[in-house]
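S.K.: As annotated by TrEMBL, [4Fe-4S] cluster binding site applies to B:666, B:672, B:706, B:710. According to TrEMBL, the feature siroheme binding site maps to B:710. Summarising the annotation, TrEMBL assigns domain 'FAD/NAD(P)-binding' to B:30-320. Look at TrEMBL and you will find B:350-416 tagged as domain 'NADH-rubredoxin oxidoreductase C-terminal'. The domain 'BFD-like [2Fe-2S]-binding' feature in TrEMBL is assigned to B:450-497. The annotation domain 'Nitrite/Sulfite reductase ferredoxin-like' is assigned in TrEMBL to B:586-648. Residues or ranges marked as domain 'Nitrite/sulphite reductase 4Fe-4S' in TrEMBL: B:657-793.
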């Protein structure tokens, strides 16, 4: 059994990326993340305490950990399984895992919009 | 000596310097350094490192014609093990490239401190604003008839061992000489003897003192070293002076005070060094044994400084490179203004070297000096091993390692930083258990795995150091070594220190409670109370640099705030680790484990029936009896957690938190024919009182009804043992995980109630003083059992501890009961991997 087999479901769907409404901003508590399925891909969306939004692949590239269960600050997302820290800026990690796939995300009238 | 083959080491053919602007155009102040040895050159480097080339125009006067070279490495050059080019530190080109004027081969003769000018032997006059004397030492030649010619120069065939030119001359002489006498049984003399013997010469060593290396070793160690040296084929004469050197045109032998004559055609004088102070003396500066300086390395002239071996600071003159480099740093801080108040307060000198093929490490004193000094010696003359330590007031004040330096990393640390010592002092010198981890880090093969959690080898760690990671923390961040269970951290530290060869920067952050807030725990707690900070985000806003939050600090802060504020803590879910957010332990596939509370490991048929029903209803992949005497339901989907808790109707067992987890018990006096007391009930009572109490790391307890220890109380964070007659022993700091340690007996008390009180006080003291993630098995030895006992004997302190633990006990609520009905936050139990069919763990 390999937990990284989930990687297939994190690949973007074939075709041009489009913007999707995935949910409401107030579904995500400050500083936390929640996972949505966007165009057949699972995407973790994070709402930081500085108000910024970030979206990444949902499973950790290292061992498939649920990234939406991780801890955040303004620079990084820390996976709950082995504490790899991924930068929001480029998806890379100082420990060498990754990079994470990042998705554009924004808020409009309380809706969360993810491009995938 | 300068024949046609003479070559400038690290030099340009002409041996001169860079272009520089006319003095009139120069607006920078002038630093003149007299001496281009290890101290002087390091000082220049330190100034440049601080951007000093913008402030200062720097001129270096060097007596030797060479660039700067590593004098420590002259022994391997003499032994033919290193080429002289390998020991160059700064070539002439380096000086030119950095805009430093090097005047090599120019000897300063006198300083006119009133006019602020240096007069040199080439007739030049160099003005300065700041003058740094780094003139070093010279080989001391004891008075002997015939050692000098009439003109004062040494008789041909007689050499000091101090400079590259002397080393070259000796190397050249080895080709035509057969017999050598080395005067001096200190470090240099021994190295010279070994090197010459390696060139095939017959070597005799003459030492005026009763044993070798008498400045560093005690008599016994010196005797063992003598045997090792003699086994190399070197003859050693102790406790005898040479009085006369024979020969008129060239050395032919020496005569000892007792009349013996030793024939030789090469004589090396390595009978110690003396500071070069003649320039300072001629210039009217205060000179005692060396040039007297204050804590800012300043002489009695405010613009003249002295560093390195020519300086005398607080009565000490050092003959080692480490203090010279510390001088260089402090003076560079002062002159560049990087830290105008920088002070040098003296050096604790520790050296590790190989002398005549024997490993030697020495630090501090070699023998006890006071009545209550502890002194531990292990002597194995047959193996050539002699180890000793001197301990004063629980601190290491000296160590001598001869023939076996495996423990040097730890001892150096204990000596330099006053690190706590093991209570069993013998562990300072020998490892009492075996295994790979006990091997000296130097001997470990590069591919040996150090961090088993993250698969990091010794080679990976050394690679990170070579790539420029200058601190243990930086290496851990880069390689992830020590970031799993943490049990390898001290080994990682040793390897980093070994790989960096002592050039490790202390992590300032090592003393911080969490990495994102630059405060140690006591200061952090004080600031939180003073500023009334009740949430994690409030702590970051008030105390973090630029108010910046830090993901890896949040969990520790949440724990600390709960400790300080109890029920008045303002919870923030993002400040918690996922386990605490959903009150379950995350598993490798993103599912969770559910462990209901089962106090003292005692359950009932009804409870078991309910657990069985729940396991079937939710298709739990595995049901397992835990090491903590409970039942674990593994592989549970996050979204199923609240419904399972409701169906179980049992409180959380806290098997996921940095908190009090479980109290194991044996069946005690109610059932066991050996039982001395009711351990089962006491275990249940302890678990009831301290359930869910958050702490720096997890806490496991056990209570046993007799010393047969069936519930393993001796290896728990708190272990209680019935000893009969109503008495209980309370052990703390035990462990049986990655580290195995028997707990220390904190006290023997006379009632179960006293056990409860004492446990509460110990827990609260640990909660208030333990570092984040520091288990009691590290905490207790660090703080010391005596210190903990002293606190527990202090009534006032105990009143505070009792109040503190009671505040947390009062704040306890069962998290399952609380969040099962209504989620604490939106989507608290939503899946984070909706497209993954969980559980992926195997179903049994």
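Glycine residues also receive a Cβ, built from the backbone N, Cα and C atoms like all the rest.
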S.K.: Could you check whether the domain 'BFD-like [2Fe-2S]-binding' (B:450-497) and the domain 'NADH-rubredoxin oxidoreductase C-terminal' (B:350-416) come into contact, where contact means at least 3 Cβ pairs under 8 Å with the two residues of each pair 6 or more apart in sequence?
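M.R.: They do touch: at least three Cβ pairs between the two stretches lie under 8 Å.
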S.K.: For each of the binding-site residues (B:666, B:672, B:706, B:710), count the other CB atoms lying within 10 A of its CB, then report the residue with the highest count.
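M.R.: The residue with the most neighbouring Cβ atoms within 10 Å is B:666.
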S.K.: Based on DSSP, name the secondary structure state of residue B:706 ([4Fe-4S] cluster binding site): helix, strand or coil.
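M.R.: Assignment for residue B:706 ([4Fe-4S] cluster binding site) reads coil.
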S.K.: By DSSP, how many residues in the domain 'NADH-rubredoxin oxidoreductase C-terminal' (B:350-416) are helix, how many strand, and how many coil?
M.R.: 12 helix, 36 strand, 19 coil
S.K.: Counting by DSSP, what is the helix, strand and coil composition of the domain 'Nitrite/Sulfite reductase ferredoxin-like' (B:586-648)?
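M.R.: Helix, strand and coil residues of the domain 'Nitrite/Sulfite reductase ferredoxin-like' (B:586-648) number 27 helix, 15 strand, 21 coil.
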S.K.: Determine the mean pLDDT over the domain 'NADH-rubredoxin oxidoreductase C-terminal' (B:350-416), rounding to the nearest whole number.
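M.R.: Across the residues of the domain 'NADH-rubredoxin oxidoreductase C-terminal' (B:350-416) the model's pLDDT averages 85 on the 0 to 100 scale.
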S.K.: Looking only at the domain 'Nitrite/sulphite reductase 4Fe-4S' (B:657-793), what are its DSSP counts of helix, strand and coil residues?
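M.R.: DSSP composition of the domain 'Nitrite/sulphite reductase 4Fe-4S' (B:657-793): 53 helix, 37 strand, 47 coil.
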S.K.: Suppose the [4Fe-4S] cluster site is B:666, B:672, B:706, B:710. Which further residues of the same chain have a Cβ inside 8 angstroms of that site's Cβ centroid?
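M.R.: Output for this site, in sequence order: B:667, B:668, B:674, B:675, B:679, B:704, B:705, B:708, B:709, B:711.
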S.K.: Per DSSP, what is the residue count of the domain 'BFD-like [2Fe-2S]-binding' (B:450-497) in each of helix, strand and coil?
M.R.: 26 helix, 4 strand, 18 coil
